[in-house]
Amino acid sequence: PRSDCIAAEQLCLSDSTCNATYRTLENCALAKTHVLPLDHDSRVRCLNAELDLGNSSLLHCKCHRRMKRQEHCLRVFWTVHSSMTDGYFNLETSPYENPANEEHWKTDYNKLAALLSGKGCSQLAGDATNSCLKATHVCNLSKKCVRLRTDYASICTKGAGSEDTCDRRKCHRGLRNFFEKVPEDFTKRILFCPCQDELCGERRRKTIVPDCSFQYNTKPSCLWLLDSCLEDHICKSRLADFQQNCQPADMSPDGCSQHNHAACLQAYMGMIGTPMTPNYVSNSSVEVSLWCTCESSGNQKEKCDQILGMFESNKCL
């Protein structure tokens with residue numbers, strides 16, 4: 001049976017043979033993290049170590065999106081699967097458990113929304129047409145939703161607009177906290193609220209406080225953005241999850257090869273609060289993009305366009 005990677009690691013470390021193989025893989029992963037070119041013998045040793053794990057629970061372990069010590073769990077996963085990222089960004093498989101296998105929490109969203117209507121709040125300015133405003137009002141009635149939303153908003157607006165004073169790392173952590181700890185009934189409605197006018201669209205685009213979480217003064221290369229992501233266990237894992245669940249397919253009714261559009265939206269939300277944070281590009285459309293460019297990517301332009309295209313022209317998303 002599939003176990004979480006922290007439990008699988010403990011089991012492996014208690015067995016001398018597995019322990020030795022795992023230590024070899026740790027050295028392989030460390031070399032890759034520091035982008036040290038492995039000679040032929042080292043590469044063979046690393047691949048053999050991965051094969052030696054055979055049917056070990058380590059090889060089949062996964063992590064949960066909302067688990068404690070998530071970074072530790074993901075570090076174990078990428079230690080065992082370090083060969084998958086060899087020289088290219090197709091990460092092949094997500095370290096996260098299938099959303100269907102994770103616990104779904106009961107929420108009081110509908111009850112709070114009904115309470116809101118009862119209060120006559122839908123008569124608030126623009127609320128009848130501004131579904132993003134309505135979603136925010138419902139969030140304000142939930143202690144957890146309003147607390148975590150206020151947390152990231154206050155961090156991300158400190159000095160927003162001036163690169164020196166906005167603490168992007170803290171802002172990203174606050175956003176990840178919000179999207180991980182608040183039930184999707186709330187987060188999806190706030191992020192994907194349908195809009196008929198630009199006022200609503202602006203509110204939707206500013207959900208993640210883009211001046212701090214999304215934009216730099218100048219657009220960096222998408223290749224640089226990818227490198228920053230692959231150096232970070234959480235970002236690399238969210239990208240692998242996004243690639244697996246948002247893989248487009250022309251013949252599929254929802255445009256997704258996994259036939260699960262909801263899982264793609266969940267994976268998209270997982271990218272927010274990482275170095276590869278996406279966002280809406282304007283107040284008047286639902287088009288999304290990364291904040292990066294492929295203008296000076298030279299002979300790597302095709303790879304760069306592919307990274308940008310995962311968000312800009314992805315039928316599944």
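The count begins at 1 with the first shown residue.
Here the Cβ of each residue, glycine as well, is placed from N, Cα and C on the backbone.
Where the annotation comes from TrEMBL, it is an automatic prediction and has not been curated.
Annotation comment: TrEMBL describes 5-85 (among others) as domain 'GDNF/GAS1'.
Look at TrEMBL and you will find 132-212 (among others) tagged as domain 'GDNF/GAS1'.
Under the heading domain 'GDNF/GAS1', TrEMBL lists 222-316 (among others). Regional average pLDDT for the domain 'GDNF/GAS1' (222-316) in the model is 90.
Note: the domain 'GDNF/GAS1' (222-316) comprises 48 helix, 9 strand, 38 coil (DSSP; helix = H, G, I, strand = E, B).
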